[in-house]
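Q: Got a structure for you, questions after.
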Amino acid sequence: MAAELAMGAELPSSPLAIEYVNDFDLMKFEVKKEPPEAERFCHRLPPGSLSSTPLSTPCSSVPSSPSFCAPSPGTGGGAGGGGSAAQAGGAPGPPSGGPGTVGGASGKAVLEDLYWMSGYQHHLNPEALNLTPEDAVEALIGSGHHGAHHGAHHPAAAAAYEAFRGQSFAGGGGADDMGAGHHHGAHHTAHHHHSAHHHHHHHHHHGGSGHHGGGAGHGGGGAGHHVRLEERFSDDQLVSMSVRELNRQLRGFSKEEVIRLKQKRRTLKNRGYAQSCRFKRVQQRHILESEKCQLQSQVEQLKLEVGRLAKERDLYKEKYEKLAGRGGPGGAGGAGFPREPSPAQAGPGAAKGAPDFFL
């Protein structure tokens, strides 16, 4: 980050280059239209920056033209930093060359990072980028200068960290709180931010894993309890057990498990009733089919008996007709031939005819 600002500060400041840039015609290029909200954020860029941030935003995707209205880097050691801080955050920076310039180039680099962060917090728009203040601090401090750490649990560092969070979420003041102190305090505050941020993330990570582990254990225990309740009663026991006995056995269990078990019992009973009805229907059908076969065989036997009796009847009828034809002329001729009794007159008629024959 400091290297980018240094590169922006080393732009040519000769009058010839400034005149060339001012005479350059930009109207022949098409202008990319941006929404009003994006334009409002783009106008808040500090002059002299190239907007080449590692995080791509609608404004930073197209680098803005450099402005040479800022004071040249040769005017003083800390004038550039103080001027940019005054324009970005609205608060005057420390005077250049004063006792605040401690640490040489390293302190200046850290100050430039802090001023860049405070001036760009409106442009980054963490709500649109789904970023948190912790991510912004880590991106800025992690890519800059790393000094000696003075402890993660320092009260002043925690207070400054909370103040930075409030500023980032409220979208207000940039360098009022962070650039008002001397350089050495800002340097220590930045490193305290870094260490406290890492400690906070480490603690949050372990707490989240513990929470997930506890949730998994609780889910496993609930599944085991559910399996134990399901395996406690077999299907035959559920079907044969009375409602009163089942309610007595289910005391102490949750309502959802009791409802699930009773639904299973109702399903088993309905299934058993349907199976018994199906079995009874099949059994009755087999019985009726066997009776039908027996009746059909009896009908066939009766038909055969009827045919046999009809044939016997025809034979007797034919014999009777023969006897009747032969007995008619014998009766008319006299008593030379005894009358042969017909089959219909057998019995008492025959007993009557015997004395007549001998008489």
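FYI, residue positions are counted from 1 along the chain as it appears here.
Keep in mind that glycine also has a Cβ here, set from the backbone N, Cα and C atoms.
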Q: Of the ranges 112-133, 288-309, which one does Swiss-Prot list as region 'Leucine-zipper'?
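A: Result: 288-309 is the stretch Swiss-Prot calls region 'Leucine-zipper'.
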Q: Average pLDDT across the region 'Basic motif' (260-285)?
A: 90
Q: Which residue counts does DSSP give the region 'Leucine-zipper' (288-309) for helix, strand and coil?
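A: Final tally across the stretch: 22 helix, 0 strand, 0 coil.
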